Amino acid sequence: MRAVGVFLATCLVTIFVLPTWGNWAYPCCHVTQLRAQHLLALENISDIYLVSNQTCDGFSLASLNSPKNGSNQLVISRCANGLNVVSFFISILKRSSSALTSHLRELLTTLESLYGSFSVEDLFGANLNRYAWHRGG
């Protein structure tokens, strides 16, 4: 339980919800299906940036970043389905809701708000080819 709290506190402190920042450097990315050797290990993820579905034409996206071992230099960044990332962390936080700090309770509220902002109507209006899922190597 303590490890989950530490992980959430260190990794999720940097969550940014960007509903109106269309000029942020490449907030909309392509989600690719990666082979196992190209996946980021959960314990190596240092930052997770969530992009609102209103920023990327109805798509909820997330950027998962991992630094080079022993440095602050970003070497790996992966694009992910933001709705899945948000759902995963909501599930973890709700399982341990009685032990959450006020900061993590606030994070849970923010994540639930972001999750609630997603609608099928947004996706139906999206250009599905713009951020199409690609099979990667």
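Cβ from N, Cα, C; glycine included.
Here Swiss-Prot flags 1-25 as signal peptide, drawing on sequence analysis.
Here Swiss-Prot flags 23-128 as region 'Interaction with gH'. Across the region 'Interaction with gH' (23-128), the prediction's mean pLDDT works out to 77.
Of all Cβ atoms in the shown protein chains, 20 besides its own fall within 10 Å of the Cβ of C56 (disulfide bond). The disulfide bond feature in Swiss-Prot is assigned to C28-C56 (among others).
C29 (disulfide bond) falls within neither a helix nor a strand when secondary structure is assigned with DSSP, and so counts as coil. Residues or ranges marked as disulfide bond in Swiss-Prot (evidence: similarity to another entry): C29-C79 (among others).
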Disulfide-bonded residues compared (C28, C79) - highest count of Cβ atoms within 10 Å: C79
